[in-house]
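See structure below.
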Amino acid sequence: MTGSEIPKEYNAAEIEIKWMNEWDLSMYHFDWADKTRPQYIIDTPPPYPTGNFHIGNSLNWCYIDFVARYKRMRGFNVMFPQGWDCHGLPTEVKVEETHHITKNQVPRAEFRKMCEEMTEGNIIKMRNTMKRLGFSNDWSNEFITMEPSYYVKTQRSFLKMHEKNYVYHEEHPVNWCPRCETAIALAEVEYRENVTKLNFLYFSLAEDENEKVHIATSRPELLCACAAVAVNPDDARYGKFVGKELVVPIFGQKVPVIPDVDVDAEFGTGAVMICTFGDKQDIRWTKTHNLKITKAIDRNGKMTAAAGKYEGMSIPECKANIIEDLRCNGFLYEQQDLDQNVGLCWRCKTPIEILSEMQWFVKVNPEEILSGADQIEWIPEYMKVRLENWTSTMEWDWCISRQRIFATPIPVWYCNKCNEVLIADDSWLPIDPTQEKPPVACPKCGANDFHGETDVFDTWMDSSLTALHVSGWDSDHELRLPTQLRPQGHDIIRTWAFYTILRAKAIENKIPWDTIMINGMVLGPDGHKMSKSLGNIISPEDVLIEHSADAFRQWGALGGSVGSDVMFRWNDVVSASRLIQKLWNIYRFSLSNMDGFGTKDAASFDVSKLKQIDYWLLSKLNGLIDDVTGAMEVYKFDDAFKAIRVFAWDVLADNYIELVKGRLYGADADGKAAARFTLFTAVSTLTKILAPFTPFLAEEMYSRIGEGSVHQQGWPAKIDGLPADAEEKGELIKGITSAIRCYKSDNKMALNAPLKKIEIYNAVVDAADISNTVTSPTDLIEGAPEFESVPVEVKPNMGMLGPMFRDKAGAVIGALKALPPKEAEEMKAAGKVVVTAGGEQIELGADSIEIKKEMVSAGREIEILHVDEAVIVIVK
RNA sequence: GGGCUCGUGGUCUAGAUGGUCAUGACACCGCCUUUACACGGCGGAGGUCCUGAGUUCGAAUCUCAGCGGGCCCA
């Protein structure tokens, strides 16, 4: 191979697209039949198919890909599956926008179809980005949660959990948008500052209507749903009322006065009416005090029959009427302005209500989840605390029903005759109860008249099943749980990680993964979270257009340690691109000097024929293999890649190649062969060790030096038979060369300007490589030079003196530093250092100090440099 | 308000188990076009290690408090 065949410029765009099209991706497939290699299954978290594989996903996928490629090279049977978590509100909203409809205007099945079509298009776009970024996904194990083949498992898992008594059906408060007629998640509630009226009312005591309690409320329209009045137990004003009953104005129901420490005695009158449900605090009180639930508002935001004569009114209408009636009847005695934070639907800005609805729940067993979390390795470790805190403060069980359409149907029917709940039989799955009737009669009353459950599963029910799915649960394959790795962001520990552990424990009583690797968030170049409003969003495509996938991936590796938030910096990508070009130049130089030397020649090469600096380079290379391997084992991709960068640029390019050029260009056949072997070994090792990080560059490099794909090669092995002093000698050669270069720079000389002569004393090293590199005749002279050596500084040994003298150490160190250097040297030579500190004479051993010495040139036209024990004389 | 996390030259960052001159990258300045590379090489300048107190002979490193940023959750 000659240099002329290798282009000077590394054309990343061209080369990356070439390999993307040429690669046979089946080389990344997991082999279910293989019993020899250990399995390494990754529970890839399926992204939501927005159509846009964003930079946060990309960082996460970089981490996964580094691990997947590394593990393959280490001989594991790796599965890096790709899934798509399709169901959810954002797609429903997008479909409504695109088709200018609301979901209730079209049949459910039709709306679902629209959502599916949009999702399919989005998945195609995202797949393309992923392939372009060089991720080594196993596409034979792709899963799409909206497909019956996947959601049948969600439904089956529901049946399994029901059998095991994890599932129940109960009335429960939900955030409800009366306009959209759906429950919405807490995350979908937006808050706005608002001013409302705080109304001061009289409630009279049931046993004595002349005795009044003053109540302040902002929600008088909920009077009909008032279930109790709460006061602070320490509030002296109300102590006498506790345990007695009050009569609610207008509606006349009797409600108890109850004590509760959560009541703020300072707010309003200090007496609070608890209703179904004015706010979240009402939910807590209703639950803790087991209060009666009265539904005053229906799903359309209208007052129910419970509101008596106000039935059918909208909430604001009812509020105005009730206030008027309270005033007329003398119940209202004052109104004040009140600042409040009102919860709005994020889509239509309608104030949300808290309604009580029948919902399906999954029991949360904190002990089970915590013990599961303990058996999992957390990377980084401190992330486990987040799960523990969340788990131990869970107030409620997991509500798995949602009032949506594009989601996995809950396979349940209700008998119209007797209200019996009929849960689907396993053999009927997959099934949509809104589209199909059950094939049996009601087991309780024998009727054949059902209505299907219109609520659907929370999307987490699909996505918390991935660990089971990818490890072969409910398939023809044997179950391979636990999987080895779950990579995911720290923002979803409380949801995704939590639910997945819960499900694996509930269904198979196993942990889902051996290890969970948590990635941080990607911040914009300004250090803030990327957002449309800040305008700091950068997409992977932006980076691909200007640079390359390999450069982007380096940013992923170097941006920060796993778990920490990573800023996107163009700088990192620019410097990554430069490294790629630098690596290419190293590669180009090396191959152009090989003259046919290749893998076979390297295999039969006699290592004992190498020169000192060759040994040094190979020893450094061994160190690199150790460092990168060690870092990869603990998911420190930044450390791993930094080590590669330092080796390639600093060690190999700036030092070894410069030192070895003389031999490569020279006539000495042995020296040349040694250099070729060393260079070839370094380049081929670099190619393999780069493969997990920069798969395109590595493949391009490997294509000229090896057979097949670099991504099917084994991880590089260390070179045996290096002398023990390899690094020491090499460092000295490097140090001497560097000192001479530094001398030239200080004296404003060109780097290649020849010096008359260089003499190296007191260093047994190869002078030939040095001589070539500094372009000057160089003599190696045994022993010390005949110049006067002058001690110039005393350096006390802190590590030894500190513990020895403790509080007196400061004085001793000071006294040692103050010694005349010449005197100190004599004492050290005699093996005994005596010093006076704090009026006391102290005797120390020779190792208590180091003496720094310099040579003086004694009038000759020379310059003297010091590198460790070696002395370099430059003759001008 | 709670939990977790971070705070090191202009910017970003390394710095387990406390020890002599605090790492590197980018930017900056000077010199150098030497047959891999000027997207390069060599050299240089630049730091109250957030603040305060404490532990210690000695703290960027350990403890406490405060200030400030980030994420998640109320």
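Backbone N, Cα and C define each Cβ position, glycine as well.
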Stretch carrying motif ''HIGH' region' according to TrEMBL (options A:47-57, A:476-486): A:47-57
Given ranges A:169-173, A:529-533, A:684-688, A:744-748, the stretch to which TrEMBL attaches the annotation motif ''KMSKS' region': A:529-533
Same-chain residues at least 6 beyond the ends of the motif ''HIGH' region' (A:47-57) whose Cβ lies under 8 Å from its Cβ atoms: 84-86, 88, 90-91, 119, 121-123, 125-126, 129-130, 489, 521-522, 530, 537-540, 568
For the domain 'Methionyl/Valyl/Leucyl/Isoleucyl-tRNA synthetase anticodon-binding' (A:614-757), the number of residues DSSP places in helix, strand and coil: 103 helix, 1 strand, 40 coil
Residues near A:Lys532 (ATP binding site) in space but at least six apart in sequence (CB under 8 A): none
Averaged pLDDT score, the motif ''HIGH' region' (A:47-57): 91
